[in-house]
Every structure is written in C-alpha cells, then in structure tokens.
Amino acid sequence: PSCHCLPQLPCVYVIASPLVLCWVVPLAVRSLVPVLFPCGFCHLFLDCIIAKESPASLRQEIRGSASCLCSDHEFDMADIFYFCRSGVESIVDDEVTKRFSAQELESWNLLTRSNYNFHHINMRLTLLWGLGLLTRYGILLPLRVTLAVTGISLFLFFTTLVGFLPNAALRSYLSEKVHMMGYRMCVSSLTAIITYHNRENKPKNGAICVANHTTPIDVIILASDRCYSLVGQMHRGLLGMIQSGMVKSSPHIWFDRSEVKDRHLVAKRLSDHVADKTKQPILIFPEGTCINNTSVMMFKKGSFEIGCTIYPVAIKYDPRFGDAFWNSSKCGLVWYLLSMMSSWAIVCSVWYLPPMDREEGEDAVQFANRVKATIAAQGGLVDLIWDGGLKRSKVNDAFKEELQKLYSKVLVGDHEDESERMEI
C-alpha cells in the first residue's frame, strides 16, 4: 500500500524517513520536515520530541495518528505507535519512580552522598570537601550523637516514671512536658532549623492533623511545637522501645501487624480518640510511606472517614543542607539517623493550614484529594494521584485493563458507527 501524501513511495519509507530525520538532522533542518512531509504521522513524532503536549483522548490520539494512512478501518498497525509513544514518555519522564529516590540538587553541597564525583574535579574542591568531612564527622557528629542518646535516655526514663502516677490530670500535664523536652532535644541533635508559619491554625484537641511524609523525623519536627497522639504500627528494636515508653504516659495508638489490616478496628479506635476533647489531636501521614519531598502522593481515605475536623500541615525541606528523605529500601533507621547527624543541618518550613471539614455530598476520597491538593499548593509540591505503595508493589492490573477497555471501545465504537450509517 502507499500513502496519499507521497503516492510514489512505499509506506515503509514514509514511516522510516521522519524517524531518521527526527534523530539525525539538526534542529534547523528539522524545522523543514513538516513542509517536506505534511503527513500527520510525521507531526506526531516531532511534537513528542520537541515538547510534550497536553494529553488528548485516546480516540483522538489513535484516530488522529492513523487518519493519513487509512480512513476506514477497525484495527491498523499504526495504532501501536500511540502505545509505543506513551510507553517511551513514561520511561523518559517517569513521575512516580523518581519520587522514591533522593531529590536532585542544582548545586553541590559538599556532601559525598549527594554526588559521588564532584570532590574529584580539582584540588580546591577536594580540600574543601575534606575540611567539611573533618568538621562534620570529627566535631558535629560526636556532639549530635551524644545529645541524641542523652535525650532518648531521659525521654524513656521520665515517660516510664510519669506512667506510674495515679493522678490522671497530673500525669497528662507532666507527660506533655516530658514529650516536648524529648522532641526538642532530638531536634537539636539534628541541628534542625524550623520555620513555623500561621501558628494560629495549630491543631486543637479532638481533631486529626494530616501532613505530607518525607522522613520519620517529620514526627519530631511537628511535635516539638505541639504535642500529638501518634498512630502507627508497633515496631521492634530501637523504635519499638521508644514506642513502648511513649504509650506509658500518653494515649498514643499503636497497632499490631494483624490489627492494621482490620479497617473497622482502626476506625473505631480513631473515632473514640477524637470524641474525647481532652485528648491531644492525632497526627497521621495518609501517604503511608516516605516521598522525596518533591510531590504529594495519594492519601489513604481511612482518616477522612472519621467525620471530624482535619488540620492540614505542609512540610517542605531544603535539601541544600541535608537531604531528609528516608529511602527505607536502601538503609535502616539507625544508619539513616547517622547520615542525618553527619549532614550540615536539617532546614525546613512548616505551614499550618486552616481546618477543613467534609462538605455535604463529598465522599472520603474526594475529601482526601481536596486536602492533599491544599497541602501540595502550599508546600510547592507536585500533586500526584498515584499510590505511594508502588514503591514496594507492582502496578495494579486494573490500570492496564482500563486502557485495554478504552481501546476496545474505540474499535467497537467505530464499528457501531459504520453499522448505523449502513442502516440509514
């Protein structure tokens, strides 16, 4: 078969020529390609390379790309180019996987972990990097580790002691003071420089506070300004020891691994907690995993089904002084904390946003998306619809099946339109 735009040439040549021109010919010459090859197929490839267009419907993309090759058909081999292009775009500009790795820096901050090559460029940079290495590991790290160990030890000792007090009011008052002391000592051990904005919107008792999640130290960043009741799974090791000490003096909500999967039990315990206006607000990270502070991913709907007031909080870290993102698949908690203590500092901004309530006719998913969009806009983060669970799990087959259904509707729809025209 031959193409209508070049009837003298085989269709294979018409397809191959624009591809070669797109990759080999310089940009100045490539600007002449649309004139020489007016076929819409050529425009498809050129547009994809020069700029990414706004997404159109599947029918427009496929039928638009194949219109110059064939006018009436149900399936054409040219249809596969849409899916090939979409696949290449997803690989080149993957907006999901790159959220699970450290954020790229525009300039080097003299930390080897942020770039493994810069300290070998010249002798001057090597000397600066070596001086910084001695300062961070020889002076700052020992002082910070000493302060952290002291703070955690005092925190565990005093929370255990306060837990034995019979008077509930006195126990609650002293527990808050002990928690604030422990959190602030841990923040100091990281040399955290925190700027809090709009403190008039700080969460109040009988509510839920939700925030974007970058690192485990998000907890102490927020709790050093206001005490919260924490919710999470019970862990082992150092973190489990700290959790056991915390729950002795304060009403935190810890779940066993088997209980986490029971959504009704989790919802009931959260509802009972927020119903008591004397208890501290619950702090929840609805993403369920750590994201590299460039975006906000899908919020789980569980905390938005309770029916109470939600206090959104946006946290934004400055990676120039130290990357706070925790990639749990590459390093454990202790090694991560040591890398934080050997950074220059942890600099971040915290925005307390106005409280939000579920609107009439709005379901939990819509409410969660509205809160997520508010946090993303305030923190300058990208609002993504993808589930953060993709860090450890494969893409759900439902996404692939949905695209297959859309394509089948395109083919069946064309067939139905032809049948209707024939009947008329």
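Any Cβ shown, glycine's included, is placed from N, Cα and C.
Automated prediction, rather than curation, is the source of TrEMBL annotations.
As annotated in TrEMBL, transmembrane segment covers the listed stretch 121-139 rather than the other ranges in 121-139, 178-196.
Mean pLDDT of the predicted structure over the domain 'Phospholipid/glycerol acyltransferase' (207-318): 83. Per-class residue totals from DSSP over the domain 'Phospholipid/glycerol acyltransferase' (207-318), listed helix then strand then coil: 37 helix, 26 strand, 49 coil.
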